[in-house]
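S.K.: Mind having a look at this structure? Questions to follow.
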Amino acid sequence: MISPDAARNVVGIIGNVISFGLFLAPVPTFWRICKRKDVEEFKADPYLATLLNCMLWVFYGIPVVHPNSILVVTINGIGLLVEGTYLLIFFLYSPNKKRLRMCAVLGVELVFMLAVILGVLLGAHTHEKRSMIVGILCVFFGSIMYFSPLTIMGKVIKTKSVEYMPFFLSLVCFLNGVCWTAYALIRFDIYVTIPNGLGALFGAIQLILYACYYRTTPKKTKAAKDVEMPSVVVSGTGAAAAAGGGNTGGGSVSVTVER
């Protein structure tokens with residue numbers, strides 16, 4: 001019979017694979033930006049938010065905060081690299097006004113992270129306290145990001161059209177939330193359960209809306225249409241297996257869907 005730790009590891013690895021896929025979801029958007037050498041109306045906000053989320057989860061997973069959390073560090077370390085690449089591309093092809101704003105927000109995030117790191121390491125002297133403080137921050141920012149799909153869901157209900165809510169992306173986000181929620185429940189971790197439970201819930205609602213309104217969606221009037229989805233949180237615990245506790249991957253992605 002499979003042990004709880006082994007089951008948690010398997011679920012965590014699956015969650016990491018799904019999370020990695022979601023981190024790569026905006027690639028078509030940035031491919032378009034590189035080809036046109038212009039960010040057009042796209043905003044850096046979702047990627048800046050994801051960057052902060054990843055930084056918090058990486059800090060949560062290091063041994064001095066939450067021991068044995070190698071998967072949380074690896075998936076969010078990858079997330080930092082991916083989001084950093086997106087932001088570099090965005091910076092290169094943005095007008096000066098957008099560049100200055102992006103740098104200002106990034107500066108605030110770095111100062112905030114420095115304050116969190118110093119405050120936690122100097123003010124909390126046990127793994128439990130450090131995990132609690134950083135975990136609460138991760139839950140807070142992750143939960144806020146999970147509410148962003150409410151806008152697109154409201155638009156679906158108002159227009160009775162799922163034109164701006166791609167089925168595949170909704171399905172993957174639902175599976176991501178379910179996977180990490182299941183992981184968190186194998187060995188209960190409140191900091192992973194809350195944001196991912198919300199993710200599973202909102203993902204399920206999007207799928208229900210899709211089932212209700214896909215038949216009433218009007219035919220496309222253009223050969224191709226670009227849609228910028230609200231941010232999608234990539235949050236989970238990778239083999240908390242490792243963390244004898246948890247591993248958590250976090251992030252949000254804005255994706256352009258070409259139809």
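Keep in mind that glycine also has a Cβ here, set from the backbone N, Cα and C atoms.
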S.K.: Does the record from Swiss-Prot show K37 and Y214 on the same side of the membrane?
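M.R.: Going by what Swiss-Prot records, Y214 is on the same face of the membrane as K37.
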S.K.: Suppose I define contact as three or more CB-CB distances under 8 A, residues 6 or more apart in sequence; do the transmembrane segment (104-124) and the transmembrane segment (166-186) meet it?
M.R.: no
